[in-house]
Structure formats: structure tokens, C-alpha cells
Amino acid sequence: MASSADVYVFGDQSTPVLDKLQALVRVKDNALLTSFLGEAFLAVRREIVSLSSLERKSIPEAESLSLLLEGVRRSEPHAALDSAFVCIYEIGYYIDYLARSDKQHPPAAPSLLLGICTGSIAAAAVSCAKDVFEISRLGVEAATVAFRLGMHVRRRAENLGYSTPSSWSMILSSNQEELVSEALKEFSKEKNLTYSSRPYISATGPGFTTISGPPSILESVKSCDTFSGKRLYPAPIYGPYHNSSSYSESSLEHGLASILEDVGFLENEMLIPIISCASGSRLDQLSFGNLLKNVLSSALSQQIRMDLVTDALVETVSGTEATLIPVNAQTTVCSLADWLAKRGATTRIGPTLESLTKDRAEPNLAPGDENKIAIIGFSGRFPEADNLDEFWDLLIRGLDVHKPVPEERFARDHYDPTGQRKNTSQVQYGCWLKSAGYFDTQFFHMSPKEAMQTDPAQRLALLTAYEALEMAGVVPDRTPSTQRNRVGVYYGTTSNDWGEVNSSQDVDTYYIPGANRAFIPGRVNYFFKFTGPSIAVDTACSSSLAAINLAITSLKNRDCDTAIAGGTNVMTNPDNFAGLDRGHFLSRTGNCKAFDDGADGYCRADGIGTLILKRLPDAIADSDPIFGVILGAHTNHSAESVSITRPLADAQEYLFKKLLNETGIHPHDVSYVEMHGTGTQAGDAVEMRSVLNSFAFDHSRPRDKSLYLGSVKANVGHAESASGVLAIIKVLLMMQKNTIPPHCGIKTKINQGFPKDLDHRGVRIALKDSVDWSRPEGGKRRVLVNNFSAAGGNTSLLLEDGPAVHPARQHQDGDARTEHVVAVSARSTKALEENLKALEAYIANSWAPEGELLSQLSYTTTARRVHHSRRVAFVTNGLDDLRKSLLKAATDAGQVKGIPAVSPKVGFLFTGQGAQETAMAIGYYKSFSSFRSDIHQLDSIATLQGLPSVLPLIHGTTPVEDLSAVVVQLGTCIIQISLARFWISLGITPQYVIGHSLGEYAALQIAGVLSVNDAIFLCGHRAALLDKKCTAYTHGMVAVKAAADDLRQHISSDLKVEIACVNGAEDTVLSGPNADIESLCGKLTQAGYKLHKLEIPFAFHSSQVDPILDDLEELASQVGFHEPKLPIVSPLLRTLLTGDTLGPQYIRRHCRETVDFLGAIKMAESQGIMDRSGMCIEIGAHPILTRMVKSIIGQDFRCLASLRRKEDHFKTLADSLCALHLAGFSVNWDEYHRDFASSRNVLQLPKYSWQLANYWMQYKYSWCLTKGDAPVENGPVGAVVQARALRLSDSVHNVIEQVHGDKRSSITVESDMHDPSLLAIAQNHRVNGLTMAPSTLFADIAFTLAKHLIQNHGLDTHTNLPSINNMAVEKALIVGETGPQLFRASLDMDWTTMRGSVRIFSVGANGKQTTLHAVCDVAVENPSSHRESWQSNAYLIQRGIKQLVQGASDGSAHMMRRGLLYKIFSNSVQYGSAFQGIEQVWFDSEGLEGTGKVFMPSGKDTFALNPYCCDSLGHITGFIMNCSDSLDLDDHVYINHGWRTLRLVEPYQCDVQYQTYVKMQAVGSDDSTYSGDVHVLRDGKIIGICGGVTFKKVARKVLEMLLPKPSGAKAKHGVVKHVAPEPVKHVVLTPPSTTSHSVGTTSPPEPTESPVGSASGLIQKALEIIADEIGVDISQLTDTTLLADLGVDSLMSLTILGNFREELDLDIPAAQFYEFSTVQDLKSFLGANDQDFSSSNSEAESSASSAASTSPSDHGDDVVEEVKPVVAEIPRSTSTILQGTKHCSQTLFLFPDGAGSATSYVTLPSISSDMRVIGLNSPYLTKPHEFNCALQDITGSYLNEVRRRQPQGPYHLAGWSAGGVSAFDAARQLVSEGEVVESLILIDSPNPVGLGKLPKRMYDFLEKSGIFGAFEMGEEAQAPPDWLFQHFCVFIEALDRYVPEPFEHGMAPKTTIIWAADGVCKNPDDPRPEAQPDDPRGMNWLLNNREDFGPNGWDEFIGAGNISTMAIENANHFTMMREPIASALCAKIRETMGVN
């Protein structure tokens, strides 16, 4: 029997593989295949990312091979992807073929491989693979090579001018090679084709010939006589393959070298011979590298000769039975079999993969690096440690940081040592974060209001995630593994403390997203825009390690490429302490006593930890820092335990051994175990047993391989859901520090239940001192981290050291760059300053070599940092210089402005002649591989055209003056094209180009007009024509500093001198014969002109070039001119070039005519292409054009250089990149650093300098202790529950809250201005007709609060008396006509300083501040010290009083009595009799000095500091200032602005005679401000001083504007009904903690209001609205503040705009508001519109205007509802004014669609200037989880809000989508109640009957299509909050249940239905979800084009006669709501409502 041989035939890209490769991807039972396909995709993706940004645009983005295949299917063919897909498919096919057949690899029987074209690459990988596993590894390398080959061919096609993919080959079904060859030669000659355009024969064989060439040429070939009538089939080959004329030997060698660069396994030897498809020869005994060179050379430059292949196979298989096995080559194999059979060979065709039916055998993959996970960054917050350094410090010092529960968490009354009281615990200790509430709201774009409601765990997860990413140097989208859609977030979290006890006390908008645990990872995803998995894990104590385990699994399964993983635990809920204590988990004596014999439970702890994880190969490829490597992680459960909470040794032991076995690690190679170690008797014993059984089961462990045990819980407690990640971070720090810290858990003696032979087993515990733990030489340390859960779960993780030397830097040279860019950025000025100082300090403390440190600093701060809006950057060559620059920049940080929202325009300027030099661009050539590759590629094109190589110009081997014009000019062009490409590769893409003279060739190429091939052809052959037809140096050019018009007057007719270039207003170049030039130069010199002769051989743009023009035009006719891809500014035509103006004639004129650079730049400036804010980069040897451009546009126009003479190119490049970065461009820093491997080390620089403030919502009143108690006995349901109030005085009516501690105390009180005692004060004090509280009332309140706290603190009130200092009245407290009118006061007292601060403010119905009235300070002082010092000066005061009294007698002073005095006073202040305490006054009008007698009769009041008396004692100052004839008082008054100090040695009393004295003195040089000290005397002794009483001059008109008219007083406050006083809670604080109540420290006082009728008043009001809405002090709204940084998102913007319309009558379109990026932008707009505002606000606005976005408390409704029994009430709907103001004549109400928010309508343009448009919000908008009622049930809530806005009809209602159904139901209810609905508008609202619920696949489709779920905000689409989508889902549920009721006959309103004409999938080829049988009607209605524009079922409910319909063309359901179609919609609405 004849022997057999297998011939595997690998096909080329002519056979489609997309579907077949997709089928392979779906194979799930071949692990090796799956692994190969995944790795091959990653390899291809790395190649894609390495391309320039321009090249990447042609490749669809995808996160998997499957998605990439789908993307390619919908896009144009791509040669690189085609080539790679063929290779991947064929290798995958071969792998799967082996698994499904009986074949082996290497094959047992004789075998051959045959690869056709690109199929040879796959064949090469198979040939050189030693086993099936190596096929996968070599296959990945082959895929890389195939992609590069295809990219090489694509670039050649583009260089030839063919960028649009079309077929480059067609097959003639006959073998007539000679005939075809002759025909093609004749064709090329006839068409005058250049070599690169000529068609050629690329393949021949029995029965076929393949003709290849440019697509447009092939089309012409078809019409040749030779091929007329013959069948030519196009082949899917998209580039010039198999073309020998395209390559010289050197260019081919260079091309192969670039393709094979860094390819692995090149030394592998062939195991299976290959038949060459080019020669038919047998290839064997070659290395993989040489084999690839052979097959690549064949694919690029050699014909396919299937005739020779057939000959070779006949010879090879002779005498054997050959089996031809097709691998993507079924057609080829059939043809081969036929050809062989005709030659007598015996062959058969083997089975295909599809025909095999054997079961698949799944190979086991050997463990390797691809299964390892690198930890590349980590961060955390730890008990008593805010950063990693502090954490390590407490570890190494062996500290135990447990402490009592801080007061800010919960009160001490939750502790009960007896354990008898309900809900208490006997535990009083924990381990606590120092700064749990601190957060940087501006950085994370979160408003303080939202931050306050957001769980600190969420906020700290954000902070630590950013820090860990920064540590890792992760820049999103930098590499394939950091694409945003490939980053997953996994956090373990088990408690919900914040939502349970803190934010639940005041449930508001952000309660759900702020408190729900799922938002912890979700918040990280959302902020960073990571769209990978977002998963919260709860496995109790092991949550964080379980989350990390899940992240590792996701990485291995390629669900993501980068994982952010960790855990959080912030304890605020006392119930958890109580529950764990009563469950016997917790220690009552302190911290976790791990390994101690007296272990009695665990100590609870806070903790946050975050890790950044990647697959190890990805981390190495990305040059990431690697701090540790995870070998494996697993989780199981102790299900067999006796109790669910009791750990099981067997389960843990199984887990440990499973890890060791799977990772191949010997137990003795593990040197440290980080134990769970909670310090419980059961847990410690079980864990020790399982660890010893696994790692030290006997005494065989070598002495030099000790096993150390430890537990971080002994230091920082048990952080529960964060405990695992904290343990890992401890281990990572140990690896960094090479030290095992001491274990502090053993307080008495080691657990006696542990085995006694630990020492013999080699087990150690570092007890007192730290232990050296250095990495073994050439080895790795390995660690087990163990974590188990109270719920029975066990998770363990095995990790080891990372690579000792990063593989990317193993074979590195030093960084050759002499100058480096170092960048620093921040999001705020203060952060920028601190970042700069921190970096300087880091450098100062570094010991690294200067060159290495500088290089790596540059890499880290540019390529590995996210760059923020405030930027500074430096170009430096030394550390000293850099440190000085950093400190200088820190000082000047306040001057740094944010980068513009849109980067400025940038253009490329291409220099002309005259700048060339020897060794031009040599620095770039040597330093940057991409530039060097482009030079070689372009040079090879030139040499193939018969032109000389330009490399001598670059290498500098020949001086430039000795080089030919061809080399110089062509070299300039090639260098410029390469430089431009280099800039583009750095991320700088030009928006326009300008070429000066010679430079225009490169400009035309970069703009896409000329292919690279044609640009080289024209430029090179033009220069050759010059050499041939012109004589060098017979003509010259001279630059003259003069205007062209002036020079024309000097050029006589006998001189053949012409103007060659007009470079500027006084910058002109002349050209002509040398003699004429010399003659003219003499004249010009005599005339005083400055000139400079240019050293060039030829004078372009002169008569010298006339001989070449015809030939040049003929050459130009041979090339193709394409439409420009970007604007080209033409100096020839002084206009923008278009396809019509470009052609051979243009090239001719360009050579000969004048270069009007001046005219071109002016034109570009006039058309907005160039402007002063823009930038340009000069592409040339020296920035010659820069000077010209600046002289035309202005010196501030920024021009950057690529090269400068006599300047290191590194400095030039660095300077330019630095400038671009600072201008806001996203520089591709990775590309900049790519060629400098030694720099690619991520330094561990100081972390970002957060600007933190404390956002803490205090848990109050210990209400957890009373949960479940019977309610306090109430009266009838709904009655007010009157709790006993604590009234301190007649000014302090009710104590709301007081907290007393050793170091701090605080109190908050509430009073009613309509209480008789306070109302009397205000009614006796009227200013400008307004009833107003005096400032002395505020002083009394402050005095009262201070005395109360002094008494409660146990101090003697006789020796500790408060002084009231720095009183500042911010806004008058005006009393309304009706009450109650509540205001509050708070005092925070610091007993360490005996100082406190007071705030007095009005409150709304919800108890929240509405207006701040006054602030002051309190100081507790001993009055005796004042009495002594005052008495020493009393004689001076008494002498002054005496002189004034005597002066009244001698005429030098005046005396006045009470009646006249207060009558004069009444001009400004009307005092009632109760305030008229002055009996007599003596005063010196000119000296502003006075004294008075004051007597106040006694009353029944209980004031601490009687305001009547206090005010009267101060009247002397007001009288002196406003009754003086020495001051200008005709048009001005002097207003009291507070005082500096008010000190008493005894309280004021009634029925006592006082004497007052004051002398007022000017402050400053003018009369605007006066100040004085009021002395109060009793019986001649000073008993009080009011110091620094200040009056300021105010115009009477301004005063009238500042103070509202009395008629408006009615609206000055909200009417608040009485509520039950809250019980007073006394909280005892344990030192040294303090109580934190609010944001940061005391808020600064609010600024005084500006007049509202002015621009500044408008701005002030607007800023107050914004500040109030986002919850910040108005002082934070600085001009440079970014609104987005404050959390002003789309939803908040809607509310703010509504408030503007309601309170300010200011209508700003939403789209315009979104354009305001900073506060200054808004202020500029408001300043420009102040006139409109002023005219519409003639009356002063109320200080308590109702908010535009309303809530229940805004309505003044009785808040007693809070104590009603809980019933299923519908929450109130809210609304926002979207358009118009209250003055509009009509109002249109828009009902929300399914999302529930009015934001759906914000994109509508103005409907009418006379229409107010109000958008309603769903009552369940932010709490969709509560939406469980019917749709018609919420209609009443909507109507309540409609009636609040418009109490009576007629009404106009409308709604889009599902909102139309709500509008219909509302209209029906209104009509049934007798109201008039004038119009109902249904905007593309389907009839709800039978609509059906949309399936999730529909949502996914809409979201993926970018249709659903994005809200346009400015130019950026922002995703809405998660609850918006949740609301949509629950609303659709309600809509599905809704059964509409028809209107009663004759009652339906006029109804208009406006339909969109199109479906979402308008065109047949539009993507659409796959149809399913259960697709609901609503789904088809959305997707398909509409055909019926009638009522569509609505007539059943409204009546056909009441309905009119309209349709909007070219609009679908979604696009109709956005511009430009929204304008058409608004026009339809106007038409319907009959408005203009």
C-alpha cells in the first residue's frame, strides 16, 4: 500500500472569513482555542492602539474579537484587519481541527504545509510550533505580523493616493500570462502611467491569471481590447501585494524589519516543511524569523506561481497517497486536486472542520503568567491613618489604635455596661477613621448638598480609587487595557449605616444614590466614566476579599481588562454594635487580641481600601508599576460547621491546598500568612489549625524558610467588609519595606490552644520587634491572605513579589533627551499650589541619579497622569532649575487660569526654501522610530521613482551646499511630511495647513490633495527639471525690509527683477538675474533699505523657472488631485483651495507666480480660520514663517517650532509640546516617550492635594434607642403634639438642640418674632417704615445663649461673663404682618479657648436656613480684669463729659432733651417709647463727640441683656452721626454696621441712671466711615464699653433700594405654623473628640446684598440662588469656579433656571446656560442683560421668594403631617419653569415622560415670548422604589402642582411620549371636576391600550445606539442618574396596567396629536434588535416608520371630532425633541395654541 502524506493548504484573504471566524469565537468547549482567540485579539488591539490617531479612525472600536468582527462588517474593508483575521482564523481552525480529528501536532505521518500569500504566515506559525500549546503562542505572534503586513500594504496604497478601500486585483479565468503582460505594458505606455500606477500580474496558475493595480486603473484596464468580452472577477484584495516593482532591496529589507520588530519566538526551528507559493521550492530548516522573512517577501514583492507549486507537489507526493486538507482554502484545494490529477498524482481531499463530528477534547492549559494578576496601585483610609505612610507607621510601631466611640458617630447613651437597656451595647470601643466625613466636592463635581447626603464610604471610595489609579499611573483610554469600557469596579460592602441612621433623618433628593450600597462601585464607574462591570459584593466580613476574587475572575474571563477592587466600612449605626455585641461577636475590653489566650471577641473598625488590578502581561506591556502579583484566589463556604457563624477548619484547609495545587506553589515557599485573626476563641483556634495543616504540618520546613504569622486586626481592628483589602495593603507595604511589623495582638500570653511545637514547625510570630523580610536573591516571597465571614464564607488569596526588574526595562539604554517636560495640574488654585510644593519636596528628598529622575519624572507627570484644567508645565534640563520653577509656580498659582473648554485651532505651516541645513532633522531621525520609519518609507518611494536617496541630507555626510537641488528640495519635502506625521502621532491634528513655496507640496499631501507617492513625484521631478534645464546660481533672491508696493517703484523696466514673495507688510523677496539683482540692491541700499541675499541655487517665482513650466505641467497631469480633507490656505490665490482650483495648472502657477503670504494670512484671519487665540506649528528646519505670521496677526499669536538652528531638537520639541499642553491640547505623551524605555518607570510621586471639607450629617437624639416604643399619648389623629419647650428668656423661646462636652458645647434655639415680647421690640423699632429687629436683640440672644452654656459647663457666672464681639448684621430681620415668623440662633463654644461663634438666621417650614441675619463672636472673660483697666482711664472720660456739659453753657456745645432728640431721629429710625431711653444729650457737632443720660423704667421682661436698654445706651452714636452740621447729610445717612466689642462688668439694669460718652473718628482719609467707643458709666464708674461702633455713609436713594417698601413687608417671610418642639437632648462628650454638625468650620458671613435693580444686584441674586441650591456659601462662587465642579448637572441646572424665572423674572434658555462653564461666564451674561432685569424688577424682590422647583415645605403647609399615622400617600409633584415668566399671558403645562423628569423638555427652543412653559416632575422622581401605585393615582399629585401654579382654568396641557397619557388623564380629571381645559397636545404619544412593556433588549439597543439615556449638556452628553432609568421602568409597569376612561360625551377638549414620521430604524440597513415573537406593539411602534398619522385609537377616548393631527417629517420619537427638529415641533405647538 502506498504511504500517505497530509498537505495542509492555508488560503489567502480572497476567501471571506468574517462569518467563519465569528463561528469559531462562539465555540465554547475548546479552552485552548478560546485562549488563543482572546490573546490574538489583544495582540491586534495593541497594534491598533499603537497606530496614529488618524489611522485608528478607520478601525471600529471594540472590546472583544466578536464585537470587532461586527464592527468591520458594518464598515469599509481594512487591509490590516483582513490580513490579521485570515491568520487568526486559520490558526484557530487548525487548533480546533486537531481537537476534533485524530490528527496530532507535530504530525506522525509525513506532512507538508502550503500557504497562499498571507496564508503563509499562519502556515509558518504551525510549522515552527513544537506542540499544540505553542501553536497558540506562535499564532499570537503571527497575528501581529499579519496585521503589520496588512498595515504596511494599506499605507503603500494611501501613499499612492488610494485611501478608499477598493479591490486591487481581478482574476482572469485563463492562463495567458504572456498576452496579458504585453497588453498591460502597452496600456501603461498609452496612458503615460508612472511606475506606481502601472497594472501588473500578481498571480498565475493553471487556468487563471490575476491582474493587480490601483483600483481606478483596473477599471480602465477592463476596457482594453485585449480583455474585451473576457470575464474578470474582482478579488477582495485591498492593496498592492506581489508587486516586485514597488520595492528596492533596501526598502524591502527595511519593511520586513519593521514588521518583525519585537516579534517573539523567532529562533524556533521549522518542524514541518512548507512549499513556497512564489517558487514552488521546499522550505525547511529555517528559523521562524527567517521563514517569516521569506513568506513576507513573497507576499509583498513576488508573484504567486501556482504552476510551480503544482510541479513541486507532483514531485513531492509521487508514489504516495496525498491528502489535501483545506484550511480556509476549499476552492484552492479543489483546483489543486484537479491539477494534480491531470498530472497523474493520486490525491484526495481531507475533511473540513465543519464535516467533523467527533467530540471535542479540551486541553488543560499549563499555568503561566497569563493567569497571574498584577497589583499596580493601592490606597486606603485606615483607623488613625489617613494615608499609606501613616498606616505603615502605626504598623511598624506596633500600635493598637482602638478608642472610645467618637461623639460624631453616636452618643454615649448607646452604651450600657449592664446590658439591660434596649438597643444598647456593652461595647464602648472601636477603631475609627480620623477624617471620615472629609471630601473634595469641587474635584468630584458634587454639590455640598449632595455630599452631605452621600455615604462617606462612597466618597472615600472615590478618593482612594483616584489615589490608587494615580499610583498606578492609569490614564483612561491610554492603552488597550485601560479603555473605559474595559474597566470594572468591584467593592465589598456589608453595612448601610449612613442610610439607616444619618441621611434617613432628612430624606432628600440624593438619599437613594447617596445611601444605597450599590452606588459605592457605581459612583466610581460614573465619575470616571468606566462602563465595565460595576458590582457591590456582600459576604459580610470577607466582602472585600470576595470582591477582589470576583475582580480576578473577571480579569481572567476577560470581562474587563483593568479592575478597581476593594472594600468599605464606615460605622455610624449603633444598632450594629448592639446586635454584634448581643450576638457575642465583640470584645468589651478593647481591640482584637489575635493569638492571645484571653481573646474575647473582635473590635469593630472603619476602613476603606482600593486596589488596581490587571492581568500580569497587560501590566508589563503597559509599563505599569507592579507591587505584587496574585497567583490565585478562591472562595468556599463552611456549610458543614455546627453554626453558620462558626468557622470550619476543614473548609479553610481545603481552600488553602486548592490554591497551592492550582498555582504549583510548595507550602514551604510561603513565608508569611496574613491571618483573618479576629481575636475570637473559636476563630483563632480553627484558623491556626487550618494554616498549620496546610503550610507547617510537620517539622520538615527548612530552618531558612520560616513561616511568619500576623494579623492587621491587632493594630486597627476588624474592618469587616474592608478587612481583607486592608490585610492585602499591609502585605504590599511589607513587601515594599522588606519588613514584617511586630504583632501587637498578644496582650497576655499566646493562645494555649495552639500547638506547642510552633517553633519546631518553623512557625514564627514577630512579637516585640519587626523582622527583616528581604526578598531572596533571584527568588520571590509568597504570602497567603486569609479572610472569612460571619456568614460562613471563606476567601483566600495567594500572592507573590512582582518582577524584580520590570521586563520593559531589562535591556534599556539611558534616556538621550537633554530637555524634559514636567507637568503639574489640579482642579483648583489651592490644590495646584500644594501639588507644586509637594513635587518640589519629593525632588529635594530623592536620592535617584539626576538624569534618571528627570526622565522618569517627565514620563510620570505627562504620560501617566490625568491632566486637569489648571495646568503648569516646565521644560527643564536639571533638578535645581526644576525645583526653583516649581516653587515660583506655587507662588503664582493664583494666576493660573483653567484651560479653555475647547482647544484653540492649530494649523501647520510648511516652511519654504532657504532654511535647509546639513544633517537636517538628524535628531528626530536618531531619536524617534516612527519618524525614522516614515523617512525610510518615503525615501524608498523616491528611489523607486528613479530619484536619489535623501538620506545624505539627513545623515549630514555631505554638506548641504554640496548636495544636488533634487536631494535638498525632495529631502525637505520628505522631512516635512514625516514631521507632520510625527506631530499627528503626538495627538496634534491640524485644522488647516499653509505651505510657503516649496512647503506647499507637503501641505497638499497632509491635506489629502496629493498622495505621498505623487507629492514625492512632483517635488522630486520638478527639482530634477531644474537641474536639467536651468543653470544654478545664475539668478538670485534677496529679502528686503520694505512693502511690495514701495519696491515696485524702484524696479525700472530694464531690470528683470520680480517680486517673488510678499511675506509681510514690510517683508518682500525679490528674484531675478544676478546682475539685475546686484544693480537693484545697490539702489535700495542707497535708499536706506535693509536687505539680505538668500543663498539658494535657483530663483523660484522668477523667469529662471520658465524653461521647466511646460514639462512640470505635463508631469502634474500624471498625478491625481483629490478634494482637500482640511482647509488649505493658498499663498498663490490668497484663498482656500478646493478641488476645482487644484490641478496641473495650479502646480505650474505655484512654481512661477508670486507667493503672497501676507494676503493669504489676512484672508485666513478674515474668514476665522486663524485668529489671535489660535496656534500654529511650523514644519521646517527653522521657524522662518513664525516671524512673518506674528508680524501680520500680532505678536501674541502663538507659533511653535519643530526645529531651530543651533538648538537641540529635544528642547525645541519639548518647548512646543509644553505650550500645546498648556493650551489645552491632549498630547499623546505615550508616543513621545515610546522610544525611551529607561524613562518608562512610574514614580511614586506625592498624591493629589485634596481640598477637603467635612460633610457630616450628625445622628441626633439617639432615636435608635426608642425604636419600637409605644408612641407618646396623642390627642385626636392629626392634632399637634405639644412637647414641653425649654424657654430661656423672652428672646429665646425653645431649645432645639444642645450638646455639652468637656472641650466643646453647642446650642441651637428657635424663637418667633410674633411672640408678644419680641413683636413689641420690633414694633418699637421701625426703619424706613419697616418693622425691624434691632441689632441689640441679636446681642441679647447671644448673651443669653452664652450664659446658658457657661452655667451648664459648671462655671461661676460672676467670674465668667460673656462679651459680644464682631457683631455684623448681614441682612435685616423684617417682621411681617402675620405670624408665626420663626428664626433660629446657634452658638458653638470651644472651652479650650473660651471662644464661640453665633449665627442668627430665619428658617423655613422645614427648619432649614433661608436668610442669615447676623453673626458675632462670644468670649468668656473675667469682668474684674476689665474693671481695673477701665478705672485707670475713667478720669479721661469723666473730663470729656464735664467739658461737654460746660460747653452747652458757653456755646461751644449743644444740649437737647428727649422729645426733640427722637423727633430728629425719626427722619431715619422711628423709635417707640420703649426705646426712648435718652433723657438728655450734650454734644459737639463739629468734634463728633457727645454724652447722654439714659434711664430705662423697669418692666416684666426676662431678657439677659435688655435690648431696650442696650439700644438706648448706644443711641448717642447714631445721633452724633446723623445730627451733625459738619457732615453731608442732605443726600446721605450714616448706617450702623455693627461693633467690634461689647464688654460688661455687670449686666445692664432698668431703673438705673446711666451716663454714656462717645467720640466718633474718621476711619481713613474721607468721610465714608467713622468709628468710636461708647463708654457706659454708673455712679461715675465705667461698667461697660461698646468698642469699635462703626457707621458707614450711604446715599439715601441707595438706602431706599436696600430696604424694601413697607407695603412689601407682607411677603418678607414664609408663614410657618407651630410644630411640636423637639425634645432637648443632652449629650455628654468624651474627650478629646468634638462634634461636627455641618460643612467644615463656621461658614463665613454672607456678603451684603447689592441693589437688585442693578447689574450687580442681578448677579448677586443669581449667585445666591445657585449657592442655595447646591448648598455652598456664596463666597465659594469665584469667577474661575467651574459650575460642573460644584455639581451643577443637567437636573440641577433645570431647578436653577426655574428659580431664575420665578424669582428674577429672568428667562435663560437651557442650551445657553450650559455654555456657561464658569461663574464668570454667567456673570458676564447677566451683566450684559442688567437693563432688562432692572426694568422688569421695579419693585424690590422678596427675600423669601418661593422656589421655582417646589417641594412640600415650600407651600407653607402644616408640617404636622410628619406626626400623622403612616398612610399610603402620594408624594407631592414638583415643577420647574422652563420658559417665560410670570408676566406671560398663557401657561402650558408639560407632563413628564416615563423618565419622570422635566429635563426631557429642556432642549425645546422658545415656543413663544408670551407663553410660560412649566415642566412637571414625577412625585416619585428620586425614589422610584416607592412607585407602586396606579398611573391615575399620581394624576392628583400633578394637578395639585398645576393648581398651585395656576389656581383656575382655562388650562393648556401637553405631554411627550408616555407624558401624553398623563396629560390625557389629567385633562379628563380636570374636566370631570368642572374645570376648563382649552387645549390638550399629545406629542408622539401612543394610545396606551395594548402597548405592552418594552423588553430589556430594547433598552439595551437604544442605549447602545446612543438614543436612550443621554442628556445633552452643552457639547457633552451626560448620563442621567440611575434612578431616572429606574423610574422609567416602574412607570412603564404602571402604564401597562393603565386602562384609560373616555371623556363624557361632549366634554373632551380640543386635542392635537403631533406624530413623528420616522421610526428609530428608518432605513432598511439601519441596525435594529433581532425580531422576537413576543415583541410588544410599543417596540414596533418605536422602531418602524409610521404609516398612519390619524388618531390611532385616541378617538375612542377623546372623540374623532375633537382631534386634529399633524406629522413632522425626518423625525423619530427621540430626535423630534432635539434641535434642529425641535424648532418644527415648537412651530406646531404655536400653531395649535394660536400664539406668535
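Note: Cβ is positioned from N, Cα and C throughout, glycine not excepted.
Swiss-Prot has this to say about the protein:
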- C541: active site, for beta-ketoacyl synthase activity (ACT_SITE)
- H676: active site, for beta-ketoacyl synthase activity (ACT_SITE)
- H718: active site, for beta-ketoacyl synthase activity (ACT_SITE)
- S997: active site, for acyl/malonyl transferase activity (ACT_SITE)
- H1325: active site, proton acceptor (ACT_SITE)
- S1857: active site, for thioesterase activity (ACT_SITE)
- 370-801: domain 'Ketosynthase family 3 (KS3)' (DOMAIN)
- 1293-1600: domain 'PKS/mFAS DH' (DOMAIN)
- S1690: O-(pantetheine 4'-phosphoryl)serine (MOD_RES)
- 8-242: region 'N-terminal acylcarrier protein transacylase domain (SAT)' (REGION)
- 908-1209: region 'Acyl/malonyl transferases' (REGION)
- 1293-1425: region 'N-terminal hotdog fold' (REGION)
- 1295-1599: region 'Product template (PT) domain' (REGION)
- 1452-1600: region 'C-terminal hotdog fold' (REGION)
- 1628-1654: region 'Disordered' (REGION)
- 1733-1758: region 'Disordered' (REGION)
Could you break down the residues of the region 'N-terminal hotdog fold' (1293-1425) into DSSP helix, strand and coil, giving a count for each?
29 helix, 63 strand, 41 coil
Rounded distance in angstrom between the Cα atoms of C541 (active site, for beta-ketoacyl synthase activity) and H676 (active site, for beta-ketoacyl synthase activity)
10
Enter the number of other CB atoms within 10 angstroms of the CB of H1325 (active site, proton acceptor).
25
Inter-residue Cα distance where the pair is H718 (active site, for beta-ketoacyl synthase activity) and S1857 (active site, for thioesterase activity), in Å:
52
Per DSSP, three-state class assigned to H718 (active site, for beta-ketoacyl synthase activity)
strand
Does anything in the same chain, at least 6 positions from S997 (active site, for acyl/malonyl transferase activity), have a Cβ under 8 Å from its Cβ, and if so what?
G912, Q913, C1061, F1100, H1101, P1131, V1155
So C541 (active site, for beta-ketoacyl synthase activity), by the Cβ count within 10 Å over all chains shown, scores 30
Fewest neighbouring Cβ atoms within 10 Å: which of the active-site residues H676, H718, S1857?
S1857
Express the distance between the Cα positions of H676 (active site, for beta-ketoacyl synthase activity) and H718 (active site, for beta-ketoacyl synthase activity) as a whole number of Å.
9
How many Å separate the Cα atoms of H718 (active site, for beta-ketoacyl synthase activity) and H1325 (active site, proton acceptor)?
62
Taking DSSP helix as H, G and I and strand as E and B, the region 'C-terminal hotdog fold' (1452-1600) has 32 helix, 66 strand, 51 coil
